[in-house]
Amino acid sequence: MGTPVNITLGSHVWVEDPELAWISGEVTEIKGTNAKIVTANGKTVVASISSIYPKDTEAPPAGVDDMTKLAYLHEPGVLHNLDCRFALNEIYTYTGNILIAVNPFQRLPHLYSVHMMEQYKGAAFGELSPHLFAVADTSYRAMINEARSQSILVSGESGAGKTETTKMLMRYLAFMGGRSDTEGRSVEQQVLESNPVLEAFGNAKTVKNNNSSRFGKFVEIQFDKRGKISGAAIRTYLLERSRVCQVSDPERNYHCFYMLCAAPPEEAKKFKVGDPRTFHYLNQTNCYEVSNVDDAREYLETRNAMDIVGIGQEAQDAIFRVVAAILHLGNVNFIKGEEADSSKLRDDKSRYHLQTAAELLMCNEKMMEDSLCKRVIVTPDGNITKPLDPESAASNRDALAKTVYSRLFDWIVDKINSSIGQDPDAKSLIGVLDIYGFESFKINSFEQLCINLTNEKLQQHFNQHVFKMEQEEYTREEINWSYVEFVDNQDVLDLIEKKPGGIIALLDEACMFPKSTHETFAQKMYQTYKGHKRFSKPKLAQTAFTVNHYAGDVTYSAEQFLDKNKDYVVAEHQALLDASKCSFVANLFPPLPEDASKQSKFSSIGTRFKQQLQALMETLNTTEPHYIRCVKPNAVLKPGIFENDNVLNQLRCGGVLEAIRISCAGYPTKRAFDEFLDRFVMLATDVPEGSDEKSACASICNKMGLKGYQIGKTKIFLRAGQMAELDARRTEVLAGATKLIQRQIRTYLTRKEFLGQKRATIYMQKLWRAKLARKLYQNMRREAASICIQKNIRAHRARKNYTKLQASATVIQTGLRTMSARNKHRHRRRTKAAIIIQREWRRHQVHEAYKKHKKATLALQCLWRAKVARKELKNLRMAARETGALKEAKDKLEKRVEELTWRLELEKNQKADLEDAKAQEIAKLQNNLTELQEKLDEAYAAIIRDKEAAKLAIEQAPPIIKEVPVVDNTQLELLNSQNNELEVEVAKLKGKIKEFEVKCFALENDSRASVTEAEDAKSKAVEFQEIIERLHTNLSNLESENQVLRQQALAASTSVEEIGELNSLKDKVAILESENETLRRQTESAEKTMPPARVFASEKNLENEHQTKEIQATKEPRNPINVLAKQGSLTDRQQESHEVLMKCLTDERRFDNEKSVAAWIVYKALLQWRLFEAEKTNIFDRIVHKIRSSIEGQDDTRELAYWLTTSSTLLYLLQSTLKFSNTNNAASRRNRSSHATLFGRLVQGMQPSSVGLETSSGYSGMAGIPNDQQMVEAKYPALLFKQHLAAYVEKTYGMIRDKLKKEINPLLNLCIHAPRPTRAKTLRDVTKSIHLTTIAKQQASYVQWQNIVNKLEHTLTFMAENHVPSMITRKLFHQVFSYINVQLFNSLLLRRECCSVSNGEYLKMGLHELEQWCLKADDEATRSPWDELQHIRQAVMFLVSHQKTQKSLDEIAKEICPVLSIPQVYRIGTMFWDDKYGTQGLSPEVINQMRKLMTEDSANMTYPSFLLDVDSSIPFSVEDVSQSFHGGNISLSDVDPSPLLRQRSDFHFLFQTLPE
C-alpha cells in the first residue's frame, strides 16, 4: 500500500488497532526499527516503523472530496477521510473518477430532488460536490459528445445500497433523456416500474440486507440521435435457485411468496394460500416479516407495477398461480413404498397439497405423482421405469420447484423486455450494472463461487481501467512510465474458468458421471491444483477448498456443487408441464426440438453462467466504464455508525484499495507546481531568482535527494513515500524555524523587560523630584494664605460696624415713609365716594325720562294696529262673497272623478279583450314558426343540392357570371320597416310623455286639497306601468320575428356564389339587432325619467297609439336595397379605419407625458366605435396577432419593453372601463366556459375595478373616473381580448426576465469562485507576489461583477426609456436578484473549494458592487431587490466571520444566519475551510447539535433540502397592473395623436375637447 518512510520524533502517524483497524498517534520514542507511539485514546503502543503510516496533520477536518488529493494515499488515510465525511452526512466521495457511496441508512431526499438534478445537469465532473448524478451526467455527456456507449458499474456487498443507487441512476438518465408526458407512457417509466416487479421475484431478506438482490442485473438504456431514450433491455444473471427450497435462519425466501400469503382474502382463497408458517419452503426459518414492510401493500403495488410494464391481468393470475403451486409442492412429503427403493405420498395432507399443486398448474394429478416418485430411463431396448426412494423423490420435487421458479423468473424478464421494446436503430446506450458484491460467509457454496468469479472478472476490468487512466495521465503529462507495473488477477480467473483444467470444467466433468460425488470432486481438485499459489486445502477438510481472491481467502464447501451445477429438466417434468391445460404454464416448458432431444450434450449452470459473464464482459469492453462502489458502514443497518473494520474489508472487496495499490505502483502523489511550492517553498531558499515553477520543484526534489520522481507539464509526480520524506524535511525546517523564532521572541521579551525596568527607574526618580518641588511650593502657598486671611479678618470687622449703623438709619426712614403713605390713602377714599354718589344720581334722572318716552310710543302703536285690522276685516268680508264660485269648482271635480271611474271600467274590459287577442296571436305565431322551421330545413337541403349542382356545372361548363337575385327582399323590407316604425313610435312616445308631464303637473296642482284623488292618481300610475311592460312584451315579440326573418333570409340563398352575399346580410341583420337593442335602452331610459305620479292621465291614448303603430308596421314594407348599399359603404369605411388603427399601433412608437400613445389611440378608437359591445369583430384578433408577431422570437430588450408597456397600458384601460355583460347570448356563454380553464386566474380581474381613469369612458367624450353608469358592458370578444392582453403581458415579462437571467448566468458561474492567484516562484518573491496578487485579484474581480452590473443597468435603462410601470420593473429585479441569490448560494453549497475565507471575501466584494449599484440607482425598483440576496449575504458573512469555534448554535442561527435553515448552516459549516489564516470552523458541539436537529426532522418526515428553488412564476396579477397605473397621473386628455390621424375625419373624436 505504501513504502515505509523515515519517522522522526513528534511525527503524527497511523498505527494498527485491533478494535478500530487504524488509530492516530504521536511518536514519542524511536529505538532501532521500533517506535513508541501514544495513541489518540491515551494508550502507548510499540510498533515497527515499517507497519506505520504518516498522518497528514494539515488535512481538512471535513475530509477531501477526491481522495487522490490526499497527501498520503494509504489505507488509514482513505478510511479516515471516509469516516470524517460520513460523520457530516457526506456519503459520496471520489477516488479519481471512481465514486464511493456510503449507505447512510436514513432518508436524505434533498440529495435526489429534481432541483439537485438541475444543478448537476451539464456540470463538469468534479466541479460540484461528489454525487452519483455527476457520474450519470458524465456518462450521458460522453455518450452524446463522443458517440460512444457508456456503462456504469455499481457494486458492493448486500445492504450497501446498490439497488437504490441503481434506481437513482436510472431516474437521472430518465430525467436527462426522458420524453414529454404528451408522448404517452415512456420507456423510462416502464424501466423504472420494472424494479418493483423484479425485486418481488428476485429479492429476499438476508442476514445483511432486508432487500437483497439474489440475481445480477444489467440494464441497457438505448438513446436515439437526439439523446432521448428510445429503448431498453434488462439482462439478468444467476438467479439463486436454491433459495426456493432451502432458507437458513434468520433469512427469508423470495418476497413474492410472502406477498401472496398476505394478499386480500379473495385472492388468497383463489390461490389457496394462507399463513406462511404452514408451508415447508417458508417455515424453515423463524423470520416471516420484515420491519417497516407491509407485504399486503407490497402485493398490491407489485400488481400495479405489472400493469405498467405490460403484464396483463390474466398473465398476473397465472404467475401467482404458479407461485402458489410451488408453495403447495413443497408440502408434498414421501415415505417408503411397498417395493424396494420406492416411495409414495406420506399421508392425506401430502395428497391434498399434490392435488392443489396439480390444480393450480392445470396438469394431471396422477402424472405429477408419477413424475415425482418414478424416473424413466431410456435404453436402446426400450424405456425402463425406475422407482425413486423417498430422499430422491424429495430431491426430485425440489428440482421441479426450482426449475419452475427459474423459468417463471426468466419469463417475467423476457416479458418486461418485450413490453419495453428495444430500438434497433439506437446510436448508443448506457448500461447500468447492479451486480452482487464479493461474498464470504461461514459456509460458501456454488453460488458464492460464481459470484466471486464475476467480481474477479469485474475487478480485472476495473484494474485495467484504473491503470489505463493512470497511463493516460502519464502520457498527457509526458513522463516516462514504461516501468510501471500492476498486479493482475488472471491466474485466479484461469483457476476457476479455464477450459480445460479449471474448477468449473472439473465440476462439469464430475456432473456427467452418475457415480460422482462431492468427495470425488473435491479429491480431483486437490490432485489437480496441488501447489497452485491461489488454491489451498484447509486442514482436516474432506470436501472444502480455499481460493485466494483479490479480496482475500474464501473457503468453499463442495458438498452441493454437483446438484447446483446441473441445468437440465427431467423429461417427466417436461412432459407433465408441457401437457398443462394452462397455456401460460405450457409456454414455460415448450417442447424441445426433435434433434435437440436426441442430443446427449451436457448442460450446466456453471457453463451457462460463464457464457453470460463472457457476453457481459464483451459488452462492457465496448463501452466506456464508470464505477460506483457502494459501502455498508455497519452491520446493524443503523444511521450514524461507522465500523472501521467492516468498511475496510468492503474497500478491499470492492477493489478500491486495489486501485490505490495500482496508483501506488506508479506515482500515487500528483501535485500541481503551485500547490507543491505552496507546501514546500521553505525548502527552496537557495533557488536562483527568476527560476520558473518547474525548475523550482526540480531543485527542491534534487536538494532533498529524491530518486525516481517525474516532472510533468503541469504536475510533479512522486513515488510512494517521497511525500512523507518531503514532509519530514519540511517538519525539520519548520522545527528549526520554530526554534529560531522562539529564540528571537525570548530575546525580544528579555530586552523588553530590561527596557521596562529602565523606564520604571527613570519614572520613579521623576516622581521623587516632583514630590520635593510640590512640598516647597506648598510652604510658599501657606505663607501667602496667612497674609490673605489677616487681610480678610480686618475687612470683616470694618464691614460689620458699617452694617449696624446702616440698619439703624433704615428703621427711622421706614417709619416716616409709612406715616406719609397712610395720609395719602385716606384722601383717595373720600374722593372716590363722592364720585360714586354723583354718578348714581345722574343715572336716576335719565331712567325716569326713558320711561315716559316708552309709554307714549306704545299708545301710538296701538292706534296704528287697530287701523290695519279694520282694513283686513273689510277684505275678508269681500272674500266671503266668492263662496258660491268654490262650490261650483267642487261640483266639477266630482264629475271628473266619475268620468275617471268610467274610464277605468272601460279599460278593464279592453284589457280582457287584448288578452284573448294575445292568446290567439301567440297560437298563430307558433304555427308560423313551425312552418318557417320546415321551410328553413327545406332551404338548407336545397342549398346542399344546389352546391352539388354548382360544382358539377363548374366542372362541365365555362364560368358564367350571373346576377345574384335577392330571394326574400320582402321580408328584409318588412324588417327594416318595423325598425323604422319603432323609431317613430319611440319619438311619439317621448312627445306624449312630455304632454303627460304637463297635464299631470296641472292636475296635481288642482288635486292637492283632495287626498282621495291623490291615491287614485297613484293607482293609475301603477296601471300605466303595467301598460309600459306590455309595450316591452310587444317589442320582444318584434325582436323574435326579426330573428326568424334573419334565419329565413339566410336560408333563401340557393347557389354557391351567394355565400358572400349571405355573410354580408348576416352583418346587416346584426346591425339591425344592435339598433333594436339601442331602441330598447332608450325606451327603458324614457321610462325611468317619467315620474310615476304623472302618467295616468293619457294611458289609454298611449296604448291605442301603440297598437296603431303595430298595425301600420305590418302594412308598410320598405325597400332594403338602399339601406344595404349604405351599410356596405359604411363597412368599407370601418375596414379602412381599422387598417389605419393597426398602422398606428405599429408606427406610433412614442410616449407623451410617459404614456403610450399607441395604447391610448387604440383604446379611444375601440371605445368610440363601440367595439367592446359588439358580438363579433375581428379587430381584437388583429391587435393580438400584431402583439404576438412583434414579441415572438424577439431578442431585443428595448423592443420587448415597449410592447410590455403598450400591452399593460391597454390592459389597464380595459380593466378600468369594461364590466361583465349579463345579457350575452348562449353561444357567448358557451365560448366563455370553454376558455375558463385557460384564463381562470385572469377572470377574477374582469370585475369593474375601483381604480379611476381620467379619460373618456362614454361615447360623448366625457372625462373622469367611470362610475357604474359609465362602465361599458363588454361582450365576449372584448372579454377574450382582455384575457389575451393579460397573457401577453405575462409572456413579455417572462421573456425579458429569462433573457436577463440567460445573460448573467455564465457570469455568475465565473463570480462564484475567486480567481486563483499566481504563486510565488521563490521564497524571496513572496512579498512582491502577494502585492501583485492582491492587485490582480481586485482587477479580475471587478470585471465579472461589473459585467453583471452593466447587464442590470442596461435592462433598467430600457425599462425606463419605455416607461414600463414601476411595479413591473420592481418585480422583475426582485426575481432577477432572487435568481442571483439562488445560483450563488447553491453553487457555494455544492463546491467545497468555494467555502473558504478568501472566497468569502471575494464574494463580499462582489456583493458590495451590487449593493452600490442598488443604492446609486434613482429608480426605487432597484433598491428593495437588495433584500432578495439575504441567503448569499448571510452565507458570506458566515465565511468571513472570525472565531467560529467560539460561537454557539443560537448565536449563529439568530445573529449571523437568521434566514438560513439548519441543514443550510450545517452544510456550509461542514464544508468551510480557512485557506487564509488556518483557523478551524465550527466546534464539534455545534455540529452535533445541528446533526441532532436534522435527525429529528428526518424522523418527522420534514427534512428540507439545503438548496434553494428558482421562482419562475409571474409575480403580479391584473389588479396589480391596475394599481401600478393608479399610483400616477393617468389622464389621457393631454396626449397628442400623430399628424396621420389629424388628416382623417373618422379619427376627429381624438381631438374633441373634453368638458370641464
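Cβ coordinates come from backbone N, Cα and C, glycine included.
Taken from Swiss-Prot, the feature domain 'Myosin N-terminal SH3-like' covers 8-57, and the record attributes it to sequence analysis. Across all of the domain 'Myosin N-terminal SH3-like' (8-57), the predicted model scores a mean pLDDT of 89.
Swiss-Prot lists 156-163, 209-217 with the feature ATP binding site, giving sequence analysis as the kind of evidence. In sequence order, G159, V290, S291, V293, L637 make up the list of same-chain residues 6 or more apart from N210 (ATP binding site) whose Cβ falls under 8 Å from its Cβ.
Taking Cβ pairs closer than 8 Å, the region 'Actin-binding' (495-529) reaches residues 449, 453, 456, 535, 537, 542-545, 547, 558-562, 565-566, 602, 604, 606-607, 610 in its own chain, all 6 or more past its ends. Feature annotation from Swiss-Prot assigns region 'Actin-binding' to 495-529 (among others).
Taken from Swiss-Prot, the feature region 'Actin-binding' applies to 531-554 (among others). Across the region 'Actin-binding' (531-554), the DSSP tally of helix, strand and coil residues reads 0 helix, 11 strand, 13 coil.
Swiss-Prot lists 589-613 (among others) with the feature region 'Actin-binding', giving sequence analysis as the kind of evidence.
Within the chain carrying the region 'Actin-binding' (613-635), a Cβ under 8 angstroms from the stretch's Cβ atoms is held by residues 82, 86, 97-105, 132, 135, 138-139, 142, 146, 148-162, 165, 169, 208, 218, 220, 235, 237, 429, 431, 433, 437, 453-454, 457, 461-462, 465, 641-643, 646-647, 650-651, 654-656, all 6 or more beyond its ends. Taken from Swiss-Prot, the feature region 'Actin-binding' covers 613-635 (among others), and the record attributes it to similarity to another entry.
Taken from Swiss-Prot, the feature domain 'IQ 1' covers 734-763, and the record attributes it to sequence analysis. DSSP states for the domain 'IQ 1' (734-763), grouped as helix (H, G, I), strand (E, B) and coil, give 30 helix, 0 strand, 0 coil.
Here Swiss-Prot flags 757-786 as domain 'IQ 2', drawing on sequence analysis.
The DSSP breakdown of the domain 'IQ 5' (830-859), given as helix, strand and coil counts, is 30 helix, 0 strand, 0 coil. The feature domain 'IQ 5' is assigned by Swiss-Prot to 830-859.
Marked as domain 'IQ 6' by Swiss-Prot on the basis of sequence analysis: 853-882.
Sequence annotations record features per position, and here Swiss-Prot assigns coiled coil to 883-1091 based on sequence analysis.
Among the features that Swiss-Prot reports, domain 'Dilute' is placed at 1181-1496.
The 10 Å shell around the Cβ of G156 (ATP binding site) contains 27 further Cβ atoms across the protein chains shown. The secondary structure of G156 (ATP binding site), as reduced to three states from DSSP, is coil rather than helix or strand.
Secondary structure of the region 'Actin-binding' (613-635) per DSSP (helix as H, G, I; strand as E, B; remaining residues coil): 9 helix, 8 strand, 6 coil. Secondary structure at N210 (ATP binding site), taken from DSSP and collapsed to helix, strand or coil, is coil. The Cβ of S213 (ATP binding site) lies under 8 Å from the Cβ of S158, K162, T163, E199, G202, N203, D434, Y436, each on the same chain and at least six residues away in sequence.
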